[in-house]
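If you check TrEMBL, you get these features:
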| type | residues | note |
| --- | --- | --- |
| COMPBIAS | A:7-16 | compositional bias 'Pro residues' |
| COMPBIAS | A:17-26 | compositional bias 'Basic residues' |
| DOMAIN | A:99-315 | domain 'ABC transmembrane type-1' |
| REGION | A:1-26 | region 'Disordered' |
| TRANSMEM | A:35-57 | transmembrane segment |
| TRANSMEM | A:103-124 | transmembrane segment |
| TRANSMEM | A:136-157 | transmembrane segment |
| TRANSMEM | A:187-213 | transmembrane segment |
| TRANSMEM | A:234-257 | transmembrane segment |
| TRANSMEM | A:294-316 | transmembrane segment |
Amino acid sequence: MGTVELPGPPRAAPPPHRPRTARAPRPRRTLRRRLLPYLLIAPTVLALAAVLGYPLVDLVVLSFQDMTRRELFSGAPPPYAGLANYRSILTDGFFWTVVGRTALFTVACVAATMVLSLLVALLMRRVAPWVRTVMTGVLVAVWAMPVMVAASIFRWLSDADYGVVNWLLGLLPGLDFSKHNWFEDPWQGFAVITGVVVWGAVPFAALTLQAALSQVPAELAEAALVDGARPGQLFRYVTWPVIKPSAVLVTSLSAIWDFGVFNQIWLMRGGQPEKEYYLLGVYSFIESFAVNRYSVGAAIAVVTVLMLLVGAVVYVRQLVHLGAAE
Amino acid sequence: MTTAPATGPAPGRRRRRRATANAVGLVFSALMAFPLYWMLLTAFRPATEIHADPPHFWPDHLTLEHFRRAVDTPTFWANVRSSVLIGVGTVLVSLLIGTLAAFALARFSFAGRKALVLVILGVQMVPLAGLIIPLYLLLSDAGLTDSLVGVILTYLVFMLPFTVWLLRGFIAGVPVELEEAAMTDGCTRLGAFRRVVLPLLAPGLVATSIYALVQAWNEYVLAYVLLSSNDKQTLSIWLLSFQTSFGTDYGGLMAGATLTALPVAVFFAFVQRRIGAGLTAGAVKG
């Protein structure tokens, strides 16, 4: 700031080009001014178009073709297949099983994340400051964990032979969990995967909701209590309206992230997930890169993106609604 | 509640409630932190204690043998190099390009601005896994598979929207009058940007670059598909090498996980506040 208000003597003299711009015809100057923002956004737009827009279009085109290993390596254009790929996946019962499984998994993860995070956020407003500091510290540390690290840890915790989870459950009367393999039954396996996803998702959600809760005016809450509001009513009529925008954003973001889960499953199943562990992301990947049916994989990916658009629309609408996009 | 209308709950009850809340908060913290504790404990204890039955919950003997084994894996340093190069490359390019676009969004009104904002917000929702196939085909046409440049290019696009969005908020926070004053005093627009906006933008640049660095450091699928040589792969992929068909070397895996997580965790701790605010910009006032 100081450098701006106190230009040194050399800079006090008008720069040589300044009078020239003043004399220049007005239309040219406004044209330059009008062009400037476009020049500034050009690199970003170009990069997005080349490495995101083009692949997205290519993905759709590919889903209408029949690309196999042969075309991939020879570079020959793959023959058109029309709607055959879509027909084959949409009439395949297994595809719908995977869709249902993905939806169920997403709902379970998002519900667990949001309920837990809201409880934690409410709790953080009640505890002593030093306890809040401890909680924040732990949440930030967990938030910072790379996904692959988190998945590795949970794999170790749920290990069949030496996993600490089996040992702890074995302490409960009447339960024998020694050598229990959590991944034999996909329901139990997905419970572990849900665990690692929720563990990783709670910090962002809880800290965001906590920040939103701190915006609830204390006088308003007190006034409601004086007027005889019960805690449930206080939450519903005073707290919730304030934190709702944040809650909607966090929910839609979590839904989008959980719907596309890939890494946790990939690592927990050692890079070779069984069919019972396919979610849409894993399914599309395996069709493409393990079975070499690239076009079927692409069709699955297109369907996935379309389904995700629902969550994306909610997220973007909420941001626009809040005026953040202005 | 009706007994003490003016003062709220009796002080004794309030203190008890506070104590209960504190206890629940601490129990929750302990549960959340346990996986991290267990990772560190496993990484630092000898193999015999890792496989103790029943498990020991406190450290008895500490050893660095797992770290030594992890660091001695043939490709460790090459993988560190890849992770760092990819991370730094992604950050530098996305900051360079992203700052320009963020400046345009924060300071100018132009036709198509709103459309760009919507694209930038929407693009963050495109699942990475869905685009692997066409990205792979694109890069293989360009001869950029198994190349760090190819990975940086693809990461760039997934980082760029968030970078632009976060920086836009920071630039909007710098009063435009400061810039105008500088330009009145004879600075060019670029000069005003360099001398006025950029210094005030430093915290935003740091937060954004660390976020991009962490994302690049953590990414797995694209790196796995695009990089086929062992020595070009990143640390996320290297972690999988502790799992073989003969079983998993958990001591080594936890040591590797610690080594992978440590640098990003330290950086991340400094900037998490700004990141959270950026992801939900507008939702939280203040």
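Backbone N, Cα and C define each Cβ position, glycine as well.
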Top Cβ-contact partner of the transmembrane segment (A:187-213) among A:103-124, A:136-157, A:234-257 (pairs under 8 Å): A:103-124
Positions whose Cβ lies under 8 angstroms from the transmembrane segment (A:136-157), at least six residues beyond its ends: 120, 124, 163-165, 192, 195-196, 199-200, 202-204, 206-207, 263-264, 267-268
Contacting positions for the transmembrane segment (A:234-257) when only residues 6+ beyond its ends and CB under 8 Å are counted: 106, 109-110, 113-114, 117-118, 201, 204-205, 208-209, 211-213, 215-216, 220-221, 224-225, 308, 311-312, 314-315, 318-319, 321-322
